[in-house]
């Protein structure tokens with residue numbers, strides 16, 4: 001019996017696949033519809049709202065790809081060929097890169113929004129949405145320049161198990177490159193991720209510093225009475241900080257699975273669990289944004 005046939009006995013894995021797909025698409029669709037209606041009613045969007053809307057759209061695409069894979073797993077349909085394999089890998093990398101860059105830019109934009117007028121970042125507060133999109137495209141191009149080799153080395157090889165890394169599904173594999181190029185792209189990938197996560201860490205640390213300073217200032221002014229409620233900007237900042245923490249947690253989990261893939265012994269269940277972990281941020285991030293945004297909750301109540 002082929003190793004792929006063993007996977008069809010794992011009903012829990014199949015159910016988890018479809019549950020993650022359904023939950024991710026539903027949550028991201030709600031988030032996207034909220035920002036679309038907000039734009040139609042108010043005819044304007046804040047830069048962070050624009051990025052969140054694009055992030056929800058990108059995550060819907062990632063969940064759709066996961067659903068395509070889940071259909072292959074559940075129905076045991078052998079519809080992989082070289083073109084489909086490369087297309088799925090490239091589109092997934094395209095969307096995943098856009099998600100990482102949008103999350104990084106979202107953290108930077110919120111830090112700029114929170115910065116005081118005397119800060120050097122204040123001059124970036126009134127940038128147009130078109131300029132924000134240009135920065136996002138630049139970050140995405142930077143990310144993808146280190147990831148293009150995946151689409152060039154992928155192949156649909158159902159009968160070969162040596163010198164390959166299972167990436168999407170058992171028939172769709174990535175052929176390992178030579179020792180030099182494999183380590184070269186690994187180093188470049190680490191540099192890319194350190195740069196983007198470093199931007200998130202700097203902006204998040206800057207926001208925490210500003211929030212703590214503001215809190216001490218408020219407590220000093222109102223030491224005889226309770227402190228006033230947090231402003232909408234401060235609540236949005238805490239939401240972005242929670243989102244950054246979630247991203248870092250999911251990124252570390254994904255990295256642990258990637259670095260220990262040899263422990264899977266080519267077991268497809270291990271790789272599918274890894275795929276679910278890799279797409280965990282796309283599923284959980286919209287739920288975090290929905291639960292922490294009162295306007296979205298009121299919007300859902302009005303629809304109900």
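Cβ coordinates are placed from backbone N, Cα and C, and glycine is handled just like the others.
A quick note: this is a predicted structure, and the numbers were derived from the prediction, not measured.
Looking up the ranges 214-232, 233-251 in TrEMBL, the one annotated as transmembrane segment turns out to be 233-251. The feature transmembrane segment, as given by TrEMBL for the ranges 113-132, 133-152, 153-172, sits at 133-152. Along the domain 'G-protein coupled receptors family 1 profile' (27-289), the predicted structure has mean pLDDT 76. Taking Cβ pairs closer than 8 Å, the transmembrane segment (21-41) reaches residues 49-50, 52-53, 56-57, 59-60, 62-64, 66-67, 70, 279, 282-283, 286-287, 289-290, 295-296, 299-300 in its own chain, all 6 or more past its ends.
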